[in-house]
Each structure stands twice: as structure tokens, then as C-alpha cells.
Amino acid sequence: MSNEQQVRIYNPSEEMVKNAAVSGMDGYRALCKEAEDDYEGFWGRRAKELIDWKVPFTQVLDESNAPFFKWFADGKLNVSYNCLDRNVNNGLGDKVALIFEGDNGDVTRVTYKDLLARVSKFANALRGMGVKKGDRVVIYLPMSIEGVVAMQACARIGATHSIVFGGFSAHALRDRIEDAGAVALITSDGQHRGGKALPLKPIADEALSLGGCDTIKNVVVVKRTGGDCNMVAGRDVWFHEACASQSETCEPEWVEAEHPLFILYTSGSTGKPKGVQHSSGGYLLQAVLSMKYTFDIKPNDVFWCTADIGWVTGHTYITYGPLACGATEIVFEGVPTYPDAGRFWKMIQDHKVSIFYTAPTAIRSLIKAADNNPAVHPTKYDLSSLRLLGSVGEPINPAAWEWYYQNVGGSRCPIVDTFWQTETGAHMITPMPGATPMVPGSCTLPFPGIQAAVVDETGTEVPWGQGGILVVKKPWPSMIRTIWGDPDRFVKSYYPADFQGKLYLAGDGAIRDVETGYFTITGRIDDVLNVSGHRMGTMEIESALVAHEKVAEAAVVGRPDDVTGEAIVAFVVLKGPRPTGEEAAKTIKELQNWVGHEIGPIAKPKDIRFGENLPKTRSGKIMRRLLRQLAKGEDVTQDTSTLENPHILEQLKG
Ligand code: WTA
């Protein structure tokens, strides 16, 4: 950042600094110092202040069985009580908790009082089915009020939920049900997306018929799309019928702070997904604290996180964090491009959203859409309600950052580029919006209390300006507790012997700016390329490509090469039509020279292929493993069941 390139620095406005929970860099540094001087005190004081405990804890951190750390272990609480009852008791009963907007634009508002009643009814229904503390419940639902209700209801009775994203296939669902040993499945007849009604229950039925799901005793079905729906007698029950005769009050199950609130499956380096297990107390603490520090949540904010509840972002920043802060938030069923690519901007305008949190991939695709159709450009909408923007899920390239800042935020709203992971539970490295001077492309500095570092293969910290491996030096309250059913894999994956089991390995590469110490994530360390002995982050090359005026999106992977070790293959989506023949050859040369110019000749992609899009999951993540196969010229033999747009693969073949 501090090299030849001109770096633009964006300071938060005076007003932002004045009013923010973390005010100015002095405020930020004071918090960091507090944590450095008294680590347990730092977290313990906030746990007391921000959480209602049934039984107060006496010990903050128990490291006796490291790396299986325990936080607030002898305290008891209920997460749903903290999200709902507490707000109602504090006079927020009539405040709107959820503004649900359906795919077709219908809006439903749910107050805290309503939400508590709905959660209590469903919690009672689950108890009536025999679901009890510690049982696992798999939730396979689209974005819906019931999705949030189901998660909160599990939390209320101490059942451990495991959400399976609605875009996953029957096999993926089966594997997760089996691994979790779930006793109940909550699903819906179907879901609305992009103007279409898509079936869900048939996929759930197929999953249950594949074998391995004998533990499932009850299937609860939310009616969303209507029409025919196969219901198995004795096993399946409609959600509304199960709730109909239930009481609107439900005594919460008071659980130990370490009680598993949820398991969420995520991809690892092997084919088998990892069931990341989270706690109740520590997790809730950081969900709330990051709402306060990173999102600077205030009573009048309208908060919108566009993630799906199927991913960790939807857990922490839809179901738990905002509700535990008594916030009003949007829950959106649909997709950003329906009925047109102005949907997000229209919803911000309609609901006067003040904090908007989305993913770089969404931003980049909306940049492309706005370039092609000026009518859906964000500047065509009244976005004056916005005061803060966020980004999550992947590095945001500076060009997309600038566009987001100028066109969505009106050059007025700070952008919090939040680095974190399913395993970390909450933000780890992120600007504080009323403190940190922002540099596009950098997630800047650690969240107060988080001790991140960049190390080499031996675990020794590398000098600023030198790339390395991102680690966290101390345990933190919302961290992963174990991999469900596989504690050895937990230790091997996250506390490897290379680092004497002392450092948490994030799996990402990072570099710190020589002058500011700001972190920039250089991509997963499994995505690092080695070309002729030179190490390069795929992200670096992608960022260069998308900085070219013709390029909308790019993904770069490595391919084995006899001469250079690895060769760079770039998959590129242009803003204009997909080129072929002469035109393609010309554009390839142009882009190769461009990258050569931006980074250096060594970074020039050897092979560039054009598609109308990149292969993505429905959550918008680029499926790099497919690109790697395509790059090698292999047929795609891997599971493509989570792929949103399979026809793209044909275009991207060499
Ligand atoms: C990447 C999503 C750069 C990173 C919350 C991480 C990011 C992985 C950022 C976790 C960011 C997430 N800048 N990279 N702001 N946020 N990542 O588990 O590679 O779906 O390890 O959690 O996404 O993805 P996950």
C-alpha cells in the first residue's frame, strides 16, 4: 500500500467520529490497550454489561484444556431470552424487529412482542415433539420470518440448530443430517426466488430417503409457495398447525455458556464438510459487541445484512446480533437482480435502510448491471438514509470499494471491510467506522481485543510489508469450540503442531502495510500461486484484472506447468458482450499486458478465458475448485449440485 501506488485514505467524518461507539483512533487504541493490559477483564466486563445472565459466571477464560477453550463456563443464560424477552422487558415490545420483504415485494413487519410470541409458540411445539436440550435440529429453509423464528426457538429450548443453506442438494442435506444426528428437520414446501416458485420439500424428502437419516423423528414444513406438497403421515407436520394451539409463553431453557448454540457446516481442505461448533455465551457476546463497535448500531437504525441465514453471516448479523441489540432489520427473500438489478437500491430507499452490509461479489455484479442499464444505477435512487456500509466474505478490490463508496454511500458513509470466518463467529479485522482511516482493499486493523498477526511457516511474526500466514494469538469468546464429532480434526486444522498448537490458523494469507500495520488479506493460503518461484495471491491478479475498464469480474487459479511450476489461468467476465475469435485474441493480449503493467510480467495470466459469468454458488461464492479443473482442461467431475449457473462451465472450457 505504501509503495509506488497512490493510496487514497478515507477518514471518517467528524460527525461519525463524534457519535460512534468507538470514537476516534484514540478511542480505538484505548480499547486495545485495555485488552492488552487485562485480557480477561476486557471480555469479562463486556460479558457482564451486554448479556443478561441467569447465573453469573465467576471465571472468564479456562485454558486448562487448550485449544478447547472455555469462556464464562460456570455462567448460565439463554440466547433467545437475550434477543427477545430482554427487549420486550425494556419497553421495546412494539418496536419493529423484522421487516420481511418477499421476493414479490410484499412486506411484513414483526414487532419484538410478536416475534417473542411466534418463537415461544414454535419452541413449545418443538418441546411437544420431544425435542430437548442438546438435541440437534436441522433447518433447511429459505430466507423467511420462520427461518429466524426456528433458529430462535431452538435457542430457547437449548436445542442445537444446524442450518443447511436452501441451495444445497439432497445429498449435501443428507450428509449434514447424518453427521449431526439430528432429531428434527424444519423445511418449507418451496421458496420464491427471482419470480419463480422453487420446490424445497421434495429435496428434503429425497435427502431423508437416501439413508442415514433415521435419527429424524419429525419434519416440520412451513407453507410458503402453496400447492401440492407430499406430507408423510406420522412424520411431517405443517409449521402453522404445529404452532396453532401452542401458548405464547415459553420458559427458556437456561444453559451453560459453553452449551452448543449451533453447528454450521463449512468446507475444509478435504471433501467432507466440517461441522463448526459454536457456544452460547461467548458467541452472543461478540455478536453484540461487533454490532456496537463495527456497525455502531443505534436505536433508530434500520439494519440490513443481505446474507442468507444458511451462512454464518446470516447467523451473527441477522438472527442473533441485531436482535440482541434491539435493532430493526430487513430480512429479504429474493435476489438482487429481480425484478431488476436496482432491487437493493429500491429496498434501501423504501425502508430507509441506514446500515447496509453485503458481499463484494454482489457489488461487482451490480456495477456491471448498472453499466449496462443506467436505470438501475444506485444514483437513480434516494439512498440518503444510509450512514454506514459494510463488506464481507472475500477481499473487496479497490475499484469495487470506490464505486460502492461513491455511488451507494454518496462519498459520505464509511465502509467497514470486515474480515472474519465461519470459525471466528464474529468480525476479527475491520475498520471501526468512527475511528479508522480507511484504505480501499484493506480490512485495516483487528477488532478491539483480537490479537491477529502475520507469521511464517514456523509461527514467527514476519516484518510488516512481508506476506505471510494470518493467525490469531489468543483465544477469543466467539471462536469455534470444536468440529462436531471430530475434535482431532479441529486441533489439526486450527491449532497445528507447526505452531506448537499455540496459534489459531485462519487459512488465509495476509500482509501488513509497512507504515500503518494495516492488514490486507491476500486470499486463502491454499490459493497462493507459485510461478517460477514467485509467490502471488490470486486476489492480487484478480484485483488488477478488475481494475481494467473492460472487466467486470475475474477469478484466477493455478494450473500445473512443466516450466514455471504453476501457470496462471484467468476467467474473466467483461462488462460488454463475451468476445470470440479475433476480438477475444485481441482482448487477451490487452489484458495480459495490463496485468503485466499493473503487477509485473510474472503475473501475466498465461491463459485467459471469457464467460458471461463465473460459476457461483447461490450465495454468490465463486466455485474455484471447478475453475481449477477447467484450467487443467479436465472435465468437471466434481459435485456441481450447489452451482447456480451450470451452463457457464461450457463457455469457460479452454
Ligand atoms: C474470506 C464469511 C478478505 C477469507 C464471514 C475467509 C475475507 C473466508 C473477508 C471465510 C474480507 C471473509 N476480506 N477475505 N473482508 N471476509 N473473507 O467462513 O478467505 O464463509 O477465510 O465466512 O472468506 O469465509 P466464511
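For all residues, glycine too, the Cβ spot is worked out from N, Cα and C.
For THR313 (CoA binding site), the same-chain residues 6+ apart in sequence whose C-beta sits under 8 angstroms from its C-beta are CYS305, ALA307, TYR357, VAL392, GLY393. According to TrEMBL, the CoA binding site annotation covers ARG193, GLY194, GLY195, LYS196, THR313, SER532.
Residues or ranges marked as ATP binding site in TrEMBL: GLY393, GLU394, PRO395, ASP417, THR418, PHE419, TRP420, GLN421, THR422, ASP508, ARG524, ARG535. Classification of TRP420 (ATP binding site) by DSSP places it in coil, neither helical nor stranded. Within the same chain, residues at least 6 positions away in sequence whose Cβ sits under 8 Å from that of TRP420 (ATP binding site) are VAL392, ALA426, HIS427, MET428, ILE429, THR430.
Taken from TrEMBL, the feature Mg(2+) binding site covers VAL546, HIS548, VAL551. Counting every protein chain shown, the number of other Cβ atoms lying within 10 Å of the Cβ of HIS548 (Mg(2+) binding site) is 20.
Note on the domain 'Acetyl-coenzyme A synthetase N-terminal' (28-83): DSSP counts are 27 helix, 7 strand, 22 coil. Per TrEMBL, the feature domain 'Acetyl-coenzyme A synthetase N-terminal' maps to 28-83.
When pLDDT values are averaged over the domain 'AMP-dependent synthetase/ligase' (90-476), the model yields 95. The domain 'AMP-dependent synthetase/ligase' feature in TrEMBL is assigned to 90-476.
For the domain 'AMP-binding enzyme C-terminal' (540-621), the DSSP counts in helix, strand and coil order read 28 helix, 27 strand, 27 coil. Residues or ranges marked as domain 'AMP-binding enzyme C-terminal' by TrEMBL: 540-621.
Remark: LYS621 (N6-acetyllysine) has THR361, GLY393, GLU394 as non-local neighbours, by Cβ distance under 8 Å and separation of at least 6 in sequence. Marked as N6-acetyllysine by TrEMBL: LYS621.
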Residues among the binding-site residues ARG193, GLY194, GLY195, LYS196, VAL546, HIS548 that border ligand 1 - Cβ under 6 angstroms, in sequence order: none
Listed binding-site residues (GLY393, PRO395), ranked by Cβ neighbours within 10 Å, top entry: PRO395
DSSP-derived class (H/G/I helix, E/B strand, else coil) of GLY194 (CoA binding site): coil
For THR422 (ATP binding site): intrachain residues, at least 6 apart, with Cβ closer than 8 Å: LEU264, THR266, VAL276, TRP311, VAL312, ILE480
Those binding-site residues listed as ARG193, GLY194, GLY195, VAL551, and which of them has the most Cβ atoms within 10 Å of its own Cβ: VAL551
Largest tally of Cβ atoms lying within 10 Å of a Cβ, found at which of the binding-site residues ARG524, VAL546: VAL546
Neighbouring C-beta atoms (10 Å sphere around the C-beta of LYS196 (CoA binding site)): 11
Cβ neighbours of THR418 (ATP binding site) where a neighbour is any other Cβ within 10 Å: 24
